[in-house]
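Sequence annotations record features per position, and here TrEMBL assigns active site to Lys11, Asp140. Positions annotated as domain 'GHMP kinase N-terminal' by TrEMBL: 70-147. Annotated ATP binding site per TrEMBL: Pro98, Val99, Ala100, Ser101, Gly102, Ile103, Gly104, Gly105, Gly106, Ser107, Ala108, in sequence order. The domain 'GHMP kinase C-terminal' feature in TrEMBL is assigned to 204-264.
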Amino acid sequence: MTAIVEPAPAKINLALHVRRRRDDGYHELETLFAFCRDGDVVTVTRADATDLTLTGPFAGVLAGEATDDNLVMRAARGFCARFGVEDGHAITLDKHLPVASGIGGGSADAAATLRALARLHGVAIDHPELFALAAELGADVPACLLGRTALGQGKGDALQPLAPLGDRPVLLVNPGVGVSTAAVFSRWDGVDRGGLGDGDVWAMAAAGRNDLEPPARALAPAIDQVLDLLGRAPGVVLSRMSGSGATCFAVFGSVAARDAAARAAGDRGWWTLATFLT
Ligand SMILES: C[C@](O)(CO)[C@H](O)COP(=O)(O)OP(=O)(O)OC[C@H]1O[C@@H](n2ccc(N)nc2=O)[C@H](O)[C@@H]1O
Ligand SMILES: Nc1ncnc2c1ncn2[C@@H]1O[C@H](COP(=O)(O)OP(=O)(O)OP(=O)(O)O)[C@@H](O)[C@H]1O
C-alpha cells in the first residue's frame, strides 16, 4: 500500500488584529498568516479500518484525549462523508508542535490529513468542498490547507494569498504553558484598534500588533518573559506572540543570531523551534 507522507508545518500570525465580536461568539479578524519549514507530519495509508497512531515528543499529551476527537480523525471522517469515500485509513501523527500553543498544531494536522486523503483519492487540492470542510473543522484550518503566506479576514477563513517570505530565519519559543484559544478570545477588551495598514507583508507586520497578547499574558504571565528575551535578542527583526499564545516568534537577520537566541531560550528550559519562514 502507498503511504502518503504530508508535512503539517507550524503556522504563525505575523500580526493579528481583532476587529469585532460577532453574535455567534466568533470574532472578525485581520491577520497575516505565515508558515514555517518544520512542524508535525501526517502519514496516511489505505487500510481495512481507520486508526490513529501517535508518535513524537508531544504524542503523550494527545494520548490522554479521545482518539475520535483528534482533529486528524475528525478531518478523515469529514473527508470520507463529503467525498463518498469508504472509511478505512491507517494514520500516523508525528507530533512535534506543543498542543494549544497558538501555532495551529491541530489545524495543521487536520489540513495535512485533508491534503493526504485528497492525493490518495484523486480529489483536486483546490477543490472548493475541501476548503468548505476545512472551515468546518476550525477557523485556522483553511489557512493551513492553503499553506502559504496569506491575509486572513472574517473568522480567519477568507484568504488572499501573498508573496512567499523566502526562507527567513525564525525562532519559535513556548514557555510550556497551554492556553485555551476560546478563553483568550473571551478576555479580549472589545476595543477595535484598527485594521492592517498598507504596503508589503513586512511593512504590514512591522506596523501591526497581536490584539490577543494582553489577554493571553494575563492568563499566562510567562509570555512576558519570553517576549522580553526575544525583544532584546541581538539581530532580531520582529518579535511577537502568535495566535492566542503562548508561543512567541522572532524573525532574525541571520541564522547565527537566531541560533544564539534559541540557545538562550533553551537555557531557560523553554521549548524552541529554530526554523525558516517559507
Ligand atoms: C487565534 C487563531 O489561531 C489565529 O489564527 C485562530 O483565530 C484560532 O483558530 P482555531 O484554533 O482554528 O479556532 P476554532 O477551533 O475555530 O475556535 C476555537 C475558539 O476560538 C474562538 N475564535 C476563533 C476564531 C475566531 N475568528 N474568533 C473566535 O472567537 C471561539 O471562541 C472558538 O470557540
Ligand atoms: N492533532 C491535534 N493536535 C493538537 N491538538 C489537538 C489535536 N486534535 C485535537 N486537539 C485539541 O485541540 C486543542 C487546541 O489545539 P491546537 O494545538 O490546534 O491549538 P493552537 O495551537 O492554540 O492552535 P491555533 O493557533 O489554531 O489557536 C488542544 O487542546 C487539543 O485538545
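The count begins at 1 with the first shown residue.
In case you wondered, yes, glycine gets a Cβ from its N, Cα and C as well.
What TrEMBL says about a protein is an automatic prediction, not a curated fact.
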Rounded to an integer, what is the Cα-Cα distance in Å between Pro98 (ATP binding site) and Lys11 (active site)?
12
What mean pLDDT does the predicted model reach across the domain 'GHMP kinase C-terminal' (204-264)?
98
Ala100 (ATP binding site) has how many other Cβ neighbours within 10 Å of its own Cβ?
18
Can you tell me which of these binding-site residues sit near ligand 2, meaning the Cβ is under 6 Å from at least one of its atoms: Pro98, Ala100, Ala108?
Ala100
Provide the three-state DSSP residue tally for the domain 'GHMP kinase C-terminal' (204-264): helix first, then strand, then coil.
32 helix, 12 strand, 17 coil
Under 8 Å Cβ-Cβ from Lys11 (active site), six or more apart in the same chain: what's there?
Phe33, Ala34, Phe35, Cys36, Ile103, Gly104, Ser107, Ala108, Asp140, Ala143, Cys144, Ser242, Gly243
Residue distribution over DSSP helix, strand and coil in the domain 'GHMP kinase N-terminal' (70-147):
45 helix, 6 strand, 27 coil
Running a distance check here. Ligand 1 versus the recorded positions Lys11, Pro98, Ala100, Asp140: which have CB less than 6 Å from one of its atoms?
Asp140
Shell of the ATP site beyond Pro98, Val99, Ala100, Ser101, Gly102, Ile103, Gly104, Gly105, Gly106, Ser107, Ala108, same chain only (C-beta within 8 angstroms of their C-beta centre):
Ala10, Lys11, Leu97, Gly243, Thr247
If you count other C-beta atoms within 10 angstroms, which of the binding-site residues Pro98, Gly102 is the most crowded?
Gly102
Determine the minimum-neighbour residue: among Gly104, Gly106, listed as binding-site residues, which Cβ has the fewest other Cβ atoms within 10 angstroms?
Gly106
Neighbour count, 10 Å Cβ-Cβ cut-off, for Ala108 (ATP binding site): what number do you get?
28
